[in-house]
Amino acid sequence: MGNCLHQAELSPSTENSSQLNLEDLWNFSYNGNDSFPEIDYDASLAAAAPCHSCSLLNDSSLPFFILASDLGILASSTVLFMLFRPLFRWQLCPGWPVLAQLAVGSALFSIVVPILAPGLGNTHSSALCSLGYCVWYGSAFAQALLLGCHASLGPKLGAGQVPGLTLGLPVGLWGATALLTLPITLASGASDGLCTPIYSTELEALQATHAVACFAIFVLLPLGLFGAKGLKKALGMGPGPWMNILWVWFIFWWPHGLVLGLDFLVGSKLSLLPTCLAQQVLDLLLNLAEALAIVHCVATPLLLALFCHQTTRTLLPSLPLPERWSSPVDTLGSKS
């Protein structure tokens, strides 16, 4: 929204010279010796300059993008290896195929982080930027929807009680994700060597659709899960959505969905900010929300590892003796 232009610093004398004194105008007389008050038009133009706002995620933040990408790829790859490792106890996690897809989504996000990072000069092209935004938001949408399904289905994921889950759920979720990413894919590109969404009247409908999608998935979805959990518990209708450590994921994206929606309202003139300071605060919140969203690619594999460790530690001792004999851990021990 705001720009990072050099803002002229006005001295008190300059500020006073840019305003007409009402008393001087009242006492003004049209004598030959009188002259019109001098107005500093340069100062007036400087005062009317756009609101000054510099981005936190500028060229100097490139190491942050690179570090987050590297750590995210490493952590996601490790979790995927442990989930697909033959005869390993993490395959006892309820719905471990869904967990594997979460790790894949986190890895995809980590891969495209450097593409959208500032400070890479003029290496960006519009096609590459559009692809980057497509994968960026597509992986985030997919992870949010997978978490919603994982919370709603709960332990049924590991009991084979959901027919068609193995193929139907991934196809449906990733297909919906592809549709949700179309607006930002078409409304993004490269500008001055930076990947950025394109704001124009022709693309306003696409930007509105993207803002609504982010608000619904990142803000309303977790609120709906919490509301359903509390309502079912209050009415005694059952346990409700399965609450676990994976819900922490929404903390990294909830601010982004909220602030992005507010920024669209301001940019489309549907809501006006009263002062320049309010605009600067909004720009700062946008940068902080984006940085927090980037950190999720490192946190998600850690959350998955913690969840698998907790569930397998509590699940394995509770299994009946014949099932424990056929579990991957015991099979691995017998082979060794």
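Every residue, even glycine, has its Cβ placed from backbone N, Cα and C.
Record features (Swiss-Prot):
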type     : residues      : note
DISULFID : Cys51-Cys276  : disulfide bond
DISULFID : Cys129-Cys195 : disulfide bond
CARBOHYD : Asn16         : N-linked glycosylation site
CARBOHYD : Asn27         : N-linked glycosylation site
CARBOHYD : Asn33         : N-linked glycosylation site
CARBOHYD : Asn58         : N-linked glycosylation site
TOPO_DOM : 1-63          : topological domain 'Extracellular'
TOPO_DOM : 85-95         : topological domain 'Cytoplasmic'
TOPO_DOM : 117-129       : topological domain 'Extracellular'
TOPO_DOM : 154-166       : topological domain 'Cytoplasmic'
TOPO_DOM : 188-207       : topological domain 'Extracellular'
TOPO_DOM : 229-244       : topological domain 'Cytoplasmic'
TOPO_DOM : 266-287       : topological domain 'Extracellular'
TOPO_DOM : 309-336       : topological domain 'Cytoplasmic'
TRANSMEM : 64-84         : transmembrane segment
TRANSMEM : 96-116        : transmembrane segment
TRANSMEM : 130-153       : transmembrane segment
TRANSMEM : 167-187       : transmembrane segment
TRANSMEM : 208-228       : transmembrane segment
TRANSMEM : 245-265       : transmembrane segment
TRANSMEM : 288-308       : transmembrane segment
Stretch among 64-84, 96-116, 130-153, 167-187, 208-228 sharing the most Cβ pairs under 8 Å with the transmembrane segment (288-308)
64-84
If you rank the disulfide-bonded residues Cys51, Cys195, Cys276 by how many other Cβ atoms lie within 10 Å of their Cβ, the lowest count goes to Cys276
Counting a contact as 3 or more Cβ pairs under 8 Å, with residues at least 6 apart in sequence, do the transmembrane segment (245-265) and the transmembrane segment (130-153) touch?
yes
Rounded to a whole number, how many Å is the Cα of Cys51 (disulfide bond) away from the Cα of Asn58 (N-linked glycosylation site)?
18
Whole-number Å distance between the CA of Cys276 (disulfide bond) and the CA of Asn58 (N-linked glycosylation site)?
21
C-beta crowding around Asn58 (N-linked glycosylation site), within 10 angstroms:
13
Where does Cys195 (disulfide bond) sit by DSSP, helix, strand or coil?
strand
In the topological domain 'Extracellular' (266-287), how many residues does DSSP call helix, how many strand, and how many coil?
14 helix, 0 strand, 8 coil
Integer mean pLDDT for the topological domain 'Cytoplasmic' (154-166):
60
